[in-house]
């Protein structure tokens, strides 16, 4: 059994595919998968690879993705390419693809790799073959059942949680991205088997959801926790509320597995963000999550000043490994990005922290009141365990011929010019609209339409589990809390 007892060093599995950095959202788009490659290269040069098991993720199949997403949406993602977009204009509108979420070469393969790492990490945790699994290419928390959103197409987090639910009665999801984790909250809004806890900027900011009063519905009432924050939050303010809230959640909910989305756009100086956290302040959340000694899946997310994303996720990998690394950056393939200081840690800016101690205390107390409404954590039900998404011999071992990798075949047309990897502020106006009402009307209409189309598919996880147990069939978690809810 892999689980470490107490505060000892944990076994860590890390998922990375060398092709991930070649995918390119387009000129001026703030989302740059290249940041994953920068992170990987930096942690290699720190020598962290010696302390963990590194796996190349399998490419998640369409069948795996439709455990949550609609068949027609995944079929669309498989089919659309830059050279056939004109044939899909109606579907592009329906599935919200084309602006914030552009069509680019290898889009579906990018989704397969991002999802493959998260699902494989969940399987590894389920098998008790690791204490922690890390997939920095995952954490794409805005994707909906039948809609792309906020640079996210396939919700790898929801799919990984569905995998964890095969073995774990209760899963806790924590989101420290600056943007509300709306796609994950929406997927599990009506079940008590997943608690979602999101700390995010709220008010005239994408995606416009995550109000303090959004607490879940039906069986899921009080199982959605939202901490709305204002501009400029710093390490001290964040630390004063994060640990108490997560400790109270652990006490009241008693999950047996945790998923932590480590979006790095909550760092100071992020191109799209407005918080003032340092890498150390951000990583404190990883330290807190680790202290509970539960199976932990760590995922990426947002982060648009890419030199700082690489710093952050490298340091958080070291924190996962209980490994101290020097502030002086080692020479690496992207060394020039980290000038002029060439240090691992960043300083906060002098921006005003609009989160007063009174405001933070008031929100914390309101959330504590909600958490006190939770019933005592339900006991574990005995039930047949469904088949794992990744078989022992399929995704984890590197059995593919490296000469047949996608990068050899097609990376030339996916590699961006050097200046596209810069962090300059004048890079273009592309990207996420940080306004709450951006296309809200159209979105609501689409969600209502999807609601009608998928009504028959929607059932509660537990009811489905019971019926499957009675019939002796394999449990299919599709439809687990997949209610499409309009933005508040």
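For all residues, glycine too, the Cβ spot is worked out from N, Cα and C.
For reference, Swiss-Prot has these:
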MOD_RES   75  N6-acetyllysine
ACT_SITE  142  active site
BINDING   188, 191, 194, 223  Ca(2+) 2 binding site
MOD_RES   221  N6-acetyllysine
COMPBIAS  402-417  compositional bias 'Basic and acidic residues'
COMPBIAS  418-428  compositional bias 'Acidic residues'
COMPBIAS  429-481  compositional bias 'Basic and acidic residues'
Starting from residue 221 (N6-acetyllysine), work out which of the recorded positions listed here (75, 142, 191, 194) have their Cα within 10 Å, and give them in sequence order.
191
How big is the Cα-to-Cα gap, in Å, between residue 223 (Ca(2+) 2 binding site) and residue 142 (active site)?
19
Calculate the distance in Å between the alpha carbons (Cα) of residue 194 (Ca(2+) 2 binding site) and residue 75 (N6-acetyllysine), and round it to a whole number.
28
Which one of these recorded positions has the most other Cβ atoms within 10 Å of its own Cβ: 75, 142?
142
At a 10 Å cut-off from the C-beta of residue 223 (Ca(2+) 2 binding site), count the other C-beta atoms across all protein chains.
27
Three-state secondary structure of residue 75 (N6-acetyllysine) from DSSP?
helix
In whole Å, how far does the CA atom of residue 188 (Ca(2+) 2 binding site) lie from that of the residue listed as 'active site'?
13
About how far apart, in whole Å, are the alpha carbons (Cα) of residue 75 (N6-acetyllysine) and residue 142 (active site)?
19
Quick check for the class: what is the C-alpha distance, in angstrom and rounded, between residue 191 (Ca(2+) 2 binding site) and residue 142 (active site)?
19
Check the DSSP secondary structure of residue 191 (Ca(2+) 2 binding site), expressed as helix, strand or coil.
coil
